[in-house]
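Peer 1: Questions regarding the structure given below will be posed in turn.
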Amino acid sequence: MIKVSVVGAKGRMGSHVVEAVNKAEDTQLALALDADDDLTQVTTDNTDVVVEFTVPSVSLNNVLTLIGQGVDVVVGTTGWTDEKLTQVKSAIANGPKPETQKVFIAPNFAISAVLADYFATKAARYFESAEVIELHHPTKVDAPSGTAIHTAHGIAEARKAAGLAPVPDATETDGGSRGQVVDGIHVHAVRLRGLNAHEEVLFGNAGEQLTIRADSFDRTSFMPGVLLAVRKLAGDAPAGLTIGLDHFLDL
């Protein structure tokens, strides 16, 4: 059995993770911790893998503390910048087990979203234009989503590798309606009551358009991906920092 601790256990995502861990046949809940709990309770004696699902303002400190405890970490919290990732890599290198420490960060755990992102990177080289639209519930604290940023980076890298020119755009005045530009790709965020987590990637050429869309209607859609990451970290996942569930899928 894989002993799993959950940080953020009372949150919207964390509570679903606790339920999923309890239901799975090969995992057991070790500790369920929340905002006021001491993370140094999590040790290699009681935990094989810890799942961290909190908010961007505290996630980095949580992950650094857990690395210091020597436990492997699955991170579902979004809002990761290059600067934060550099701190994680440094913590691993200077932690108690630099050669074997595993940290996994997922922009999205939904299989549909991971596949949509993968398909988008494959399609990007064939289209002159590309834009990303992400749509979420109004209680989400970051915008654009980590998934959308990850998708935009992937599209930009694929376009660069193919030698494509910048996306055409004759806009001269923009009060913000064109969205955030991520590596030359416009990313738009919608926050609307009734939504959960959705993403559309639009590709265009003269006379044609390709739309790739992923919809997660309920948070249970993320649980297979979370459990996959837990099993991989408890098994044959490489040491160090890994970003993206696509690394654990046969794509």
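All residue numbers here begin at 1 and follow the chain in the order shown.
Note that Cβ sites are derived from N, Cα and C of the backbone, with glycine treated the same way.
As annotated in Swiss-Prot:
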BINDING   GLY8, ALA9, LYS10, GLY11, ARG12, MET13, GLY76, THR77, THR78, ALA106, PRO107, ASN108, PHE109  NAD(+) binding site
ACT_SITE  HIS136  active site, proton donor/acceptor
BINDING   HIS137, GLY146, THR147  (S)-2,3,4,5-tetrahydrodipicolinate binding site
ACT_SITE  LYS140  active site, proton donor
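Each of these features: where is it, how hidden is it, and who are its neighbours?
Peer 2: Less than 8 angstroms from the CB of THR78 (NAD(+) binding site) sit PRO56, PRO107, ASP142, SER145, GLY146, THR147, each of them six or more residues away in the same chain.
According to DSSP, HIS136 (active site, proton donor/acceptor) sits within a strand segment.
Secondary structure at THR147 ((S)-2,3,4,5-tetrahydrodipicolinate binding site), as computed by DSSP, is helix.
Taking Cβ-Cβ distances under 8 Å and a sequence separation of 6 or more, the neighbours of LYS140 (active site, proton donor) in its chain are ARG191.
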Peer 1: If H, G and I count as helix, E and B as strand, and all else as coil, what does DSSP give for ARG12 (NAD(+) binding site)?
Peer 2: helix
Peer 1: Taking DSSP as the reference, which of helix, strand or coil describes PHE109 (NAD(+) binding site)?
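Peer 2: DSSP call for PHE109 (NAD(+) binding site): coil, neither helix nor strand.
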